[in-house]
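Undergrad: To start, I am sharing the structure in question, which I have written as structure tokens.
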There are 2 protein chains.
Amino acid sequence: MGNMKEYTIAVVGATGAVGQKMIQLLEKSEIPLKELKLLASARSAGKTATFKGKEYKIEETTNESFKNVDIALFSAGGSITKAFEKAARESGAVVIDNTSAFRMDENTPLVVPEVNAEALHNHNQLIANPNCSTTQMVVALKPIKEAFGLSRVIVSTYQAVSGAGVEALEELDTQTASVLKGEEVEASILPSAGDKKHYQMAFNVIPQIDLFSDEGYTFEEWKMINETKKIMGMPNLKVSATCVRVPVKYGHSESVYIEIDKDDVSVADLRAVLADAPGIIVQDDPSTQLYPLATESEDKKDTFVGRIRKDPDDKKGFHLWIVSDNLIKGAAWNSIQIAETMIDMNLI
Amino acid sequence: MGNMKEYTIAVVGATGAVGQKMIQLLEKSEIPLKELKLLASARSAGKTATFKGKEYKIEETTNESFKNVDIALFSAGGSITKAFEKAARESGAVVIDNTSAFRMDENTPLVVPEVNAEALHNHNQLIANPNCSTTQMVVALKPIKEAFGLSRVIVSTYQAVSGAGVEALEELDTQTASVLKGEEVEASILPSAGDKKHYQMAFNVIPQIDLFSDEGYTFEEWKMINETKKIMGMPNLKVSATCVRVPVKYGHSESVYIEIDKDDVSVADLRAVLADAPGIIVQDDPSTQLYPLATESEDKKDTFVGRIRKDPDDKKGFHLWIVSDNLIKGAAWNSIQIAETMIDMNLI
């Protein structure tokens, strides 16, 4: 960290899957901490959480919660962000929001530090953290764009159940146990708690994440399409997406097809550029069956890339297999990394 | 069936996952059956199987097994096909082979009846049944090609564990139970029994099916690429594939991106053409969360298509979500359907 200032940090949504990861990551962060405030809904207020061996009481989020807070990390759903971001900013806090509430707002930077840290200069005390499936993809796309140009992205995802929250993880376990015992399976959360119909997730794949939006796409798919264009600063980049939930607990996997501008790039060239890029670990060796696996990504900050191949029928087409822990780089770590980067840039 | 002839049918590999499905499907087939011969390895000989309430003894496959056999359905691995197809043909049998042994042989028709039944005229007592992941895809691609032209296919698969055999299914169950109990997971079969390293399949996705071949692609991916071009009769069709195993028991799902020739086709046009096509059930209504699911495809002969969407950045680009039971249309049913079709065409 570039200075000796100490910061008061609030975590809004401290009892959620992402909030819990934020607390764990803050324990290891280099940010000099003056005070930590753990906030949640009235329902969770009074519970406790441990931070650096000390017990912290979780408080209800109110407009008064943000007094003397320097950095407010929001991850409690878009409605909570919309309800409290103004109070937080008026109290002087910089809000780093992990919900979709302000991601496409043109006055709000949408930031993945490896990709577009420079956008942080335009913050108005509010920075949006992208959708998990977008974040890991743009980490890999950025160095490719810089080295070879990029014209097109077609992605199919294999997304972990933890992205749907703690209750969805419990439902996966319960359903899985039922299938193994030959019992009837009950579904009440997945694919989306807010939707009408619920389907078995155990031993199944569900091609729906979030609710359906227009043109037959889900909101999750539109997030990947629109957020990628915004973060990459490429409004004309062709992006299309199919988002699918798989019975995995942690770690999103993505089959990403890209078209680059140059037609004389080899797989070795692409691999070298990715290996040199920040935040990426290349795992790509067919001779030793080395490729990224969701189970191996758990609790790691990196984005793992492998299965790098050229389209046999298109010199500019390549496949990538991109894996990262959706709760870490896809959510909690990217938020804290934004805070660390802003401190380094003397923006907080 | 077009005539009253009765047929003696042999199932080679009768104890395997596909062989067992063949026996079940033959019970309901319209083929007039004179005699059924169930063949397997020496190891399985002496076991029994039930067919129409009667017990059948499973015999060891030898060169003499095919006497008086009219139709020999092979599904016991490429080496068994190579060892016995000649004896079967010399005995007068028509061999319908579910292995990869002869699929790319230029003198052997590779057939999905809905797509290229006319290729059966050129049979030389040997017809190849395509790879499971290819079959369900071409069923959907054919009517699209006929109506709108087709120039490109990019597919990412979500393939069920049953495609790797009965022991792989048992490994998935054992691993899953271990994870639920918090015990150590052991892997000795998946992703490919013949490869060196084995990875956890429970609550994971593995981007490797079959062994690795050249250019960083697996054999499974090359099968999808080359077989699709052959069956569609389109050597210049651009096809690329990423094949991925998911912790699903039955039913392959595929995220298929296509480019058609016409640029004025709507999603409704595409849906109508697919709904009219043989072997396809369209399940596609975002307003009621209707889309194909692997668990719903089990033991069905149809190919299910949904999530039909236009690429927001490309008038000729569309997404499809294609699901079918990999052991039924992907293997056993397609083989029996080839036999039924050949009888109808007076070729047997």
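Cβ atoms here come from the backbone N, Cα and C positions, even for glycine.
These came from TrEMBL, pasted as-is:
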type	residues	note
DOMAIN	B:8-123	domain 'Semialdehyde dehydrogenase NAD-binding'
BINDING	B:T15, B:G16, B:A17, B:V18, B:R43, B:S44, B:S162, B:G163, B:N326	NADP(+) binding site
BINDING	B:R103	phosphate binding site
ACT_SITE	B:C132	active site, acyl-thioester intermediate
BINDING	B:Q159, B:R245	substrate binding site
ACT_SITE	B:H252	active site, proton acceptor
Undergrad: Taking DSSP states H, G and I as helix and E and B as strand, how many residues of the domain 'Semialdehyde dehydrogenase NAD-binding' (B:8-123) are helix, strand and coil?
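TA: Secondary-structure composition of the domain 'Semialdehyde dehydrogenase NAD-binding' (B:8-123): 39 helix, 32 strand, 45 coil.
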Undergrad: Using a Cβ-Cβ cut-off under 8 angstroms and a sequence gap of six or more, which residues of the chain neighbour B:N326 (NADP(+) binding site)?
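TA: B:C132, B:S133, B:Q136, B:Q159, B:A160, B:S162, B:G163, B:Y250, B:G251, B:H252 - these are the non-local Cβ neighbours of B:N326 (NADP(+) binding site), listed in sequence order.
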Undergrad: Rounded to the nearest Å, what's the C-alpha distance separating B:R43 (NADP(+) binding site) and the residue listed as 'phosphate binding site'? Just drop the number here, would you?
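TA: With distance taken Cα to Cα, the residue listed as 'phosphate binding site' is 27 Å from B:R43 (NADP(+) binding site).
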Undergrad: If you run the three-state DSSP split on B:R245 (substrate binding site), which class comes out?
TA: strand
Undergrad: Cβ atoms within 10 Å, counted per site: which of B:R43, B:R103, B:R245, B:H252 has the most, among these recorded positions?
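TA: In terms of Cβ crowding, the pick is B:H252.
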Undergrad: Other than its own, how many Cβ atoms are within 10 Å of the Cβ belonging to B:Q159 (substrate binding site)?
TA: 25
Undergrad: Spatially speaking, which of the binding-site residues B:T15, B:A17, B:R103 is closest to B:R245 (substrate binding site)? Use C-alpha to C-alpha, please.
TA: B:A17
Undergrad: Look at the binding-site residues B:T15, B:S162 and tell me which residue has the greatest number of other C-beta atoms within 10 angstroms of its C-beta.
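TA: Answer by Cβ density within 10 Å: B:S162.
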Undergrad: Would you kindly give the Cα-Cα distance separating B:R103 (phosphate binding site) and B:A17 (NADP(+) binding site), rounded to the nearest Å?
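TA: Taking the Cα atoms only, B:A17 (NADP(+) binding site) lies 20 Å from B:R103 (phosphate binding site).
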Undergrad: Any idea of the Cα spread of the NADP(+) site, B:T15, B:G16, B:A17, B:V18, B:R43, B:S44, B:S162, B:G163, B:N326, as a max distance in Å?
TA: 26
Undergrad: If you count Cβ atoms within 10 Å of each one, which of the recorded positions B:A17, B:C132 comes out on top?
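TA: Most Cβ neighbours within 10 Å: B:C132.
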Undergrad: At the Cα level, what's the spacing in Å between B:R103 (phosphate binding site) and B:T15 (NADP(+) binding site), rounded?
TA: 23
